[in-house]
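S.K.: After the structure tokens below, expect a handful of questions from me.
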Amino acid sequence: MVLSLTGLIAFSFLQATLALNPEDPNVCSHWESYAVTVQESYAHPFDQIYYTRCTDILNWFKCTRHRISYKTAYRRGLRTMYRRRSQCCPGYYESGDFCIPLCTEECVHGRCVSPDTCHCEPGWGGPDCSSGCDSDHWGPHCSNRCQCQNGALCNPITGACVCAAGFRGWRCEELCAPGTHGKGCQLPCQCRHGASCDPRAGECLCAPGYTGVYCEELCPPGSHGAHCELRCPCQNGGTCHHITGECACPPGWTGAVCAQPCPPGTFGQNCSQDCPCHHGGQCDHVTGQCHCTAGYMGDRCQEECPFGSFGFQCSQHCDCHNGGQCSPTTGACECEPGYKGPRCQERLCPEGLHGPGCTLPCPCDADNTISCHPVTGACTCQPGWSGHHCNESCPVGYYGDGCQLPCTCQNGADCHSITGGCTCAPGFMGEVCAVSCAAGTYGPNCSSICSCNNGGTCSPVDGSCTCKEGWQGLDCTLPCPSGTWGLNCNESCTCANGAACSPIDGSCSCTPGWLGDTCELPCPDGTFGLNCSEHCDCSHADGCDPVTGHCCCLAGWTGIRCDSTCPPGRWGPNCSVSCSCENGGSCSPEDGSCECAPGFRGPLCQRICPPGFYGHGCAQPCPLCVHSSRPCHHISGICECLPGFSGALCNQVCAGGYFGQDCAQLCSCANNGTCSPIDGSCQCFPGWIGKDCSQACPPGFWGPACFHACSCHNGASCSAEDGACHCTPGWTGLFCTQRCPAAFFGKDCGRVCQCQNGASCDHISGKCTCRTGFTGQHCEQRCAPGTFGYGCQQLCECMNNSTCDHVTGTCYCSPGFKGIRCDQAALMMEELNPYTKISPALGAERHSVGAVTGIMLLLFLIVVLLGLFAWHRRRQKEKGRDLAPRVSYTPAMRMTSTDYSLSGACGMDRRQNTYIMDKGFKDYMKESVCSSSTCSLNSSENPYATIKDPPILTCKLPESSYVEMKSPVHMGSPYTDVPSLSTSNKNIYEVEPTVSVVQEGCGHNSSYIQNAYDLPRNSHIPGHYDLLPVRQSPANGPSQDKQS
């Protein structure tokens, strides 16, 4: 038993020892000895007998021998054993399976990592991690230095920088990006019109020309530039550009500050319009309105003064009589035959006579005649008279001189035969009697006042009244008699049982105790009163009166509820005592006690129910009156609501449109304003103000209470509700500050400009401002023949059927004429050029001799040039045999008069420097890497195009294969001969190959000198540079071989 206990203790100790991890660096170990009883083996000696062969014949040659041998035996003994013991190293203590370091001082903000050594949390330091990092350090033991800039705070734990407002970056070294500001650069800048934003506070630094908190406003009129501090110098109504200060002059003014009127002959915006005035009229420099000279009128002073007027603006009236003609300039009269005098007012004949010798009497009615013509005797009638002898009045509908003027009177009015004045019929007024009398007036000239009452309408002719329903009488003051109703009281009432009939619609208002449309039904049993809404409260009764509710007591009963046998007011023996109950209470016939009516209490029913109760015996509690100044009514229990509330419990707000006590008053709020249900005060919808919200916001303001100022420009109106700008025609944008985009104009920029030929379009009206040489509403027409220039207002001066350029006015002369105005006869040689403007210095004979001489010299020069060219080609061929160049073609050919098709990067390696195209072309094509599917040769190109404009290659060429051929190449190597494909093809200017020449055996390109050379257009001299010169590609060389 002792042995077993000892073994268990040892086993437990061993287990405890083995619990620590020996691999743990904090676990130390040492060897310890212990004694163990063991069974040990040893060598035990013994005498071993064995036999050997010998010569002892007796023992059959076998002899016995002895030797000491050993065998393994076992015995008990004590053995000293050693074992490794694990324990925590010094400075550590054991905790479970681990060895934990031990710190004498507790690590406040950290952990103990080795004996008496703390590892602090980030942001803390000191031996026991109890000290926080200063503002310049962070991390464990505050060992890291903060990198934050610009006043940023450093996180003592992570070292992250908490940037001040306006900065960003991991070290807060950068300002906020444009367009942001504030803490963390999270706030967007509100600045507009290109203004910069302070990265810290977001304050806007406005660009020149803008102002306001957010730079949303242009400089006020009269200022411009940075901070709107510069004063505008513009005069005469000129507006100043809010940024530059440049003056935009109003029409009629020009100059840097708009101080100068338009020069004579011009007017309008920028003085760009020519005055259209004729006959010496002067043009207003602002409007262009013509101020005509005496005798002329009209927009352009093209019209003479009309008959009967003269002078400036034709404002003076001629005073010529008897048909005399008035000079439109001076007003002098030119008399008809038979009259004389400054105003032709004197007859040559005496009054009453006419004819030759003034012997014939006038046939006219003297009273109605102005005069008798002294020659013909024709009568000139007074206004309002007509006929040959002026004895007939004007026919109906005409008046005035000769009864020629039609009357304009309306609605049956009379027209005065002389003046045409209208005499209006009753009920109408106005100059031509076109206006009916205003409400409340009638009669001639609407001078009488209507006397209709109670909404009756008055006839504008005679003032008779048309009464509304329910009224009658001449002035609608009499209501319909009892039993009638309706228009003119023509309807009869059908109400029964004394019910009243509405004089307007005939509806019946029943008396108490009756029901039905015509009040023909009595109240149902158990009900009484108005609309039968009350319930009978009787005990010993046969119902109650349907009108008053009085109980009809059965025989032997009396009292209000028929619950008393004594007569009302009596009780006691023989009902001898008078009841003293008040407020309708009844007394008991036995003891005279009062039974109070509903709503009353007390011995004599002299008091009303206490607050909060009502009804019989004041036993019913009042309902919860939500919005009431006092409890319910002591009799009915109905809640008496405060102003603004309704319903049985006063818990309902007045319906929309009503307010006040019992919601009986009608709200007066207009324009969607909301009405307070208590006092009827109006809370206005945005855009309206006033006691009843009937006043719109004044111009320039909007929103609730018209608090906000409008920001619209260029005459735009501002919505009083939300401040939205309604732009005037020609403007767009949120604040109507942007003109319509090009090609658009008008309202909302929704109309498309129709201007043609480069004309500019007014962004407001869409009116086209034509360029020089064009006219028409949309500038679609050239100037008419004979005119040119701006507005087609200049007249051409070309002569002899020549044509005039509609823009410049240049004359294009007909054959046989010359000169600036084509007014000079041209000589024969000049007829070849109809546009010449220089007269020859020689006569016709000298021209002929000179022409012949020139032609001969030209032919001689051509022969010499051809000879030199042939000699040059021969020398080139001879040199070519010696040099034997390798020619590499990358053609982009265009050969006229052919049908071949070539394109692509075509190369050839030939030792010959010449070949005949028409004969060897097929062989060349066979040996070439070109195919018809990769090369194109267009025969439709212009055969006279210059080599300076190479065609666009349709082949895909290597980068080094294109050489622009602008001039012949002068080099040591000869030209490559490229003859025509056919004898008919003499012009090969269109052949544009890119030719590269690489000298055999040379490692560099041949140098060349480039001369400026442009092939002439529209002309060609056969044999002159018919062959393209060979030109080495400037990009070709050894390096190019490496690339390929």
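Please read every residue number as a count from 1 along the shown chain.
Here the Cβ of each residue, glycine as well, is placed from N, Cα and C on the backbone.
According to Swiss-Prot, the protein has these features:
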| type | residues | note |
| --- | --- | --- |
| SIGNAL | 1-19 | signal peptide |
| DOMAIN | 24-101 | domain 'EMI' |
| DOMAIN | 750-780 | domain 'EGF-like 13' |
| TRANSMEM | 849-869 | transmembrane segment |
| COMPBIAS | 1033-1044 | compositional bias 'Polar residues' |
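Context for these features, please: burial, neighbours, distances.
M.R.: In the predicted model, the domain 'EMI' (24-101) shows an average pLDDT of 83.
Proximity of distant same-chain residues to the domain 'EGF-like 13' (750-780), defined by a Cβ-Cβ separation under 8 Å and at least 6 residues beyond the stretch ends, is recorded for 272, 728-731, 739-740, 742-744, 788-792, 805-808.
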S.K.: For the domain 'EGF-like 13' (750-780), what are the DSSP-based totals of helix, strand and coil residues?
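M.R.: Going by DSSP assignments, the domain 'EGF-like 13' (750-780) contains 0 helix, 8 strand, 23 coil.
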S.K.: Just give the helix, strand and coil counts over the domain 'EMI' (24-101), going by DSSP.
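M.R.: Summed over the domain 'EMI' (24-101), the classes give 0 helix, 62 strand, 16 coil.
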